[in-house]
Amino acid sequence: MNSSDEEDIALSRLAKKSSSITSASTYEDDEDDDIPLAKKSRKKRVESDYEEDEDEVPLKKLSNGRAKKQVKTETKVKKEPKSANKSKSTSKKDTKVKKEKTTVKKESKATSTKVKEESKTQSDSQASVKSETPEEDQGYKWWEVNQEEEGDGYIKWQTLEHNGVMFPPPYEPLPSHVKLYYNNKPVNLPPEAEEVAGFYGAMLETDHAKNPVFQKNFFNDFLEVLKECGGCGVEIKKFEKLDFSKMYAHFEKLREEKKAMSREEKKRIKEEKEKEEEPYRTCYLNGRKELVGNFRIEPPGLFRGRGAHPKTGKLKRRVVSEQVTLNLGKDAKIPEPPAGHQWGEIRHDNEVTWLAMWKENISDSLKYVRFANNSSVKGQSDFKKFETARKLRDHVDSIRKDYTKMLKSEKMQDRQMATAMYLIDVFALRAGGEKGEDEADTVGCCSLRYEHVTLKPPNKVIFDLLGKDSIRFYQEVEVDKQVFKNLRIFKKSPKQPGDDLFDRINPSLVNRQLQNYMKGLTAKVFRTYNASKTMQDQIDIIENEGTVAEKVAKFNAANRTVAILCNHQRTVSKTHGDSVQRINDKLKKFMWQKIRLKKMILQLEPKLKKKDSKYFEEIDDLIKEDIEHIHHTIIKRQREQAKKKLERDNEKLKLEGKPLLTESDIKDKLDKIDELEKEYQKELKTGKPIVTKNATVEKLKQQIETLENRILNVSIQLKDKEDNSEVSLGTSKMNYIDPRLIVMFSKKFDVPIEKLFTKTLREKFIWAIESADENWRF
């Protein structure tokens, strides 16, 4: 299922840009002569007939309270007939795949490899998709197959078979004693309304539930559901009189019971869940097993939204099979719908790559079940996306030259187009689009309004708007002086707050202009190009020296530059402070251990303090209170570990039907901990740790060296955590930076790929890991 992280607005300034995008014009106080001849009073405009690229069009209504932006167009783009592309598609055989020319190849090694034989076929009469492990078909390495022969037409597959979607379990009514109270009296709710009330009751103490907008939207939808199911015998009029405390207490009890489950119980539940999900996890594409992405229908609940979303708190209604459209091969067996239900529609559309689809009620948009991120379909899509971005390097200079010249065009539409292209290129803005009144007011380039931009002569611009996830974006940047003049013109009277700055263009026209230079070029491709090019430039200036931890920190700094460019912000997590404190505590513990070892050395060789005073100058750095706290933490942790081991052992004994252990059985262990505590207390008084029998100065110095390396690594980790607390590195790494750059860094700098890619990303970008080498260039 698609999850969109494409709604953020990137306005962060690129550190430095090529001089080719800077105009030589100078700022003038009087700019009336600079206004394009085409600029007149605002007239009614006609909408563009140009259709946006499929990936760029949001599945949301574009209308809002203001009049829809209408744009002058001079020509229309003809849509290529399907037949033209269909002829390019190739029929795939399920017998043997010939030895093909490698397309995603290592730049320095011109090698070709054989593709494993595909001998797996699927019977048309098969009752359901087989549930073997997907590893069976992971021998298929699409990146070693000539992509041109694979075809890039309309036909996406020849055969497709799957088991449909997994629905959430039906609602289980609350125990009879758990009630919603209204005006201090219990209310008997119908099951449908009780379920909705329970959604709010379960999150009573969260920040969302305390949000007035959330409360209002929930209450309106709750009353609507109550009305649909015949009411409850009580007239509920005011939200303030509702008491969810009994419901909240019930759900808290369930949460505590879940936490208290034994490891065996949790394991059993997990295994049952995996067994239930197994049939839906895989499908067969052209006879080859592929993993399915999110095969679950979203459960009903209250919509939270990100940032200041106007629909937060609204009810996400339960989806039934009658609302679901399945897409599969004509000869594939249609999965059985839930008992008593039927599918909304069955399609056999091999020009799309989704498996199921339905419409959700919050934004009235379509939701899809698609192939998993590590599937061949998604992998090829990612590869083509980054290859398209790479091709932009052959056109970017001419594009910049043209839009720089067009910044002074006599036509207002051209001048707006050039200014938008400048902002998209230099500051990685999204093209943007109009938002409805009931959508979060996030902004892109074409949807910038009068109030979002403040001008400070001679060439500074302040952007102040809602960016990704409705997080406020505020930044002051320097722009080309001609761009500054143009923005000043775009803001001139009669424009006022609420009016669009770019009232002669829209995202469709911007993408159309870009596609004049290169097939498939859009604002999104430009954004991907700039992100990857910036990462390449940052890697080029990193020195190949230091420890792995130091190299990872340098990599993260480069990644952070890209994230800032793309405005991938995030709010500081609630646990950030605790996490930083834990790292600081770990640093203090290592420091204490190092000082303790140095004190042992001085007990063995007291004269060393004078001979190497610098080496021992830190032995008094920790105050008594810090040392006491470290002692307490160590003892407490050891006791907790002993008790947890006792619990684990008892769980095992219980399953085997053997007598359980008691604390008396671990008395020796607890006694040793008590002895250690006494030793620490004595050490705190005397300042002299007990030296072990076999200790030597050389051995102690080796231990100190090990600790110093740990201290260095943890210090780097702490700085990295602080630097990235408000920046999301993962978004650019997953969507905008060519993964082959990261693989190149891993191999060139001898950093394990596990340090740079999570397990999920390693699976998603296996094609990059196996195809790029240390010399790869974007």
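All residue numbers here begin at 1 and follow the chain in the order shown.
Cβ coordinates come from backbone N, Cα and C, glycine included.
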Quiz prompt | Segment assigned the feature region 'Interaction with DNA' in Swiss-Prot (from 190-195, 430-435, 496-501, 628-633) | solution = 430-435
Exercise. Find the one among the recorded positions Lys385, His568, Lys586, Tyr736 whose C-alpha lies closest to that of Asn511 (site 'Interaction with DNA').
Key: Lys385
Quiz item: Counting other CB atoms within 10 A of each CB, which of the recorded positions Trp354, Tyr736 comes out lowest?
Solution: Trp354
Quiz item: Looking at the recorded sites Trp354, Lys385, His568, Lys586, which has the shortest Cα distance to Arg306 (site 'Interaction with DNA')?
Solution: His568
Quiz prompt | Nearest recorded site to His568 (site 'Interaction with DNA') by CA-CA distance, among recorded positions Trp354, Lys385, Lys586, Tyr736 | solution = Tyr736
Self-check item: Distance [Cα-Cα, Å, rounded] between Lys586 (site 'Interaction with DNA') and Trp354 (site 'Interaction with DNA')
Solution: 48
Quiz item: Under 8 Å Cβ-Cβ from Lys385 (site 'Interaction with DNA'), six or more apart in the same chain: what's there?
Solution: Val525, Thr528
Quiz prompt | Average model confidence [pLDDT] within the region 'Interaction with DNA' (430-435) | solution = 67
Quiz prompt | Residue, out of the recorded sites Arg306, His568, Lys586, whose Cβ gathers the largest set of other Cβ atoms within 10 Å | solution = His568
Exercise. Using all protein chains in view, find how many other C-beta atoms are within 10 Å of the C-beta of Asn511 (site 'Interaction with DNA').
Key: 23
